[in-house]
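This report concerns only the one structure given below.
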Amino acid sequence: MVGSVAGNMLLRAAWRRASLAATSLALGRSSVPTRGLRLRVVDHGPHSPVHSEAEAVLRPLYMDVQATTPLDPRVLDAMLPYLVNYYGNPHSRTHAYGWESEAAMERARQQVASLIGADPREIIFTSGATESNNIAIKGVARFYRSRKKHLVTTQTEHKCVLDSCRSLEAEGFRVTYLPVQKSGIIDLKELEAAIQPDTSLVSVMTVNNEIGVKQPIAEIGQICSSRKVYFHTDAAQAVGKIPLDVNDMKIDLMSISGHKLYGPKGVGAIYIRRRPRVRVEALQSGGGQERGMRSGTVPTPLVVGLGAACELAQQEMEYDHKRISKLAERLVQNIMKNLPDVVMNGDPKQHYPGCINLSFAYVEGESLLMALKDVALSSGSACTSASLEPSYVLRAIGTDEDLAHSSIRFGIGRFTTEEEVDYTAEKCIHHVKRLREMSPLWEMVQDGIDLKSIKWTQH
């Protein structure tokens, strides 16, 4: 029996060993591929939710990094002192405990700013990208509402952006939801035409969370700058994965999430330009922390973790991107070579390689997910995964409803291994073939029948 105290000590020791392993890997990253770091702790304590050793050890492979990434052990190492020893309130200015925490908070602010080419004073800590998106969209719209009552966004934004815009519509604002092309990329001419004299904000995400498409952010920033309209981008899926510079790209507001870049959950940031100054109306009242834009005590351990994750991303981005690109190519080629009628959703070139969305014709996506129970995958955004409706992102790019229902998102990240990619491809190929053999539609296609020519009737 392992008691809770001893279990916690074992957990911390295991993470420290993993951290040392990760550090040694980092030293040789130019030539040695990163191996997946797997931590499986079996706790047989009376309050443990795990009922057997098999359940604890035999966990699925993780291929859903768009939903969340594992915490990098080096990030945990940076956080631990502020969870145990340096627990002062960073806003307490009268003693050393507060000063220590404040210094750590400001260092984290510098680390986040450095990753995106910003001034540290332009970084505001939040609870995550959802809050950052709400502050950016509602904050700008409400501050300038006396003169400007119009916003522009796209139909494929994250749900929190779309819901924020719908909330503003209920307050009397007008919102233009731009369609996207079949590639998933917006038409820049349509964007220019959509901007009106009273447009206050354009919000376009950097990398789509479902299909991985990269929008032309620098070109959008140039258009917004020339029309004197503020430009916000939800960069939760892009920060730390692709190079971003808020000044070169003329970005006025940017949303950042900690748990999408191997940092902790519950923390994020928003970049708000100082020169020329972007004004936002605060969403919550309180002690006026974070320059009055986000009241509430800043959680020092979490922002330290976010800062450490950003610093690691800046150091290792190029290596990670090359490695993830090779693994993604290996996965797609393996599947496409062995399975007919597989469609890759979204633009194959303007695309972040770690997010792969494939549709398997004549297979129901939910059935395939259930069959692939030993691989953690998703059929779309984690924020809408409870819905059985086809993805609104896939509908927006013109995907047929049957293909939209058959889509699976594969996420490849920093700790994904070649063996995991090969195993996932092998299992996917096996189960797609098995499910197709059970499908009358697949049998009809094999017999040469054009399904689109059939007029289906209800009984």
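Using the three backbone atoms N, Cα and C, a Cβ is placed for every residue, glycine included.
In Swiss-Prot this protein carries:
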BINDING   ALA129, THR130, GLN237, SER257, HIS259, THR297  pyridoxal 5'-phosphate binding site
BINDING   CYS383  Zn(2+) binding site
MOD_RES   LYS260  N6-(pyridoxal phosphate)lysine
MOD_RES   CYS383  cysteine persulfide
TRANSIT   1-17  transit peptide
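The structure, with features from Swiss-Prot marked on it.
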residue	record	contacts (Cβ under 8 Å, 6+ apart)
ALA129	pyridoxal 5'-phosphate binding site	HIS158, CYS160, ASP234, ALA236, SER255, ILE256, SER257, LYS260, GLY268
THR130	pyridoxal 5'-phosphate binding site	CYS160
GLN237	pyridoxal 5'-phosphate binding site	GLN66, MET205, THR206, VAL207, ASN208, ASN209, GLY212, LYS260, TYR352, CYS355
HIS259	pyridoxal 5'-phosphate binding site	THR68, THR69, LEU71, GLY128, LYS265, GLY266, VAL267
THR297	pyridoxal 5'-phosphate binding site	ASN89, PRO90, HIS91, GLY287, GLN289
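Among the residues the record lists as binding pyridoxal 5'-phosphate, namely ALA129, THR130, GLN237, SER257, HIS259, THR297, the two farthest apart have Cα atoms separated by 26 Å. All protein chains considered, the CB of SER257 (pyridoxal 5'-phosphate binding site) has 28 other CB atoms within 10 Å. When secondary structure is read from DSSP and collapsed to three states, THR297 (pyridoxal 5'-phosphate binding site) falls in the coil class. Of all the Cβ atoms in the protein chains shown, 27 others lie within 10 Å of the Cβ of LYS260 (N6-(pyridoxal phosphate)lysine).
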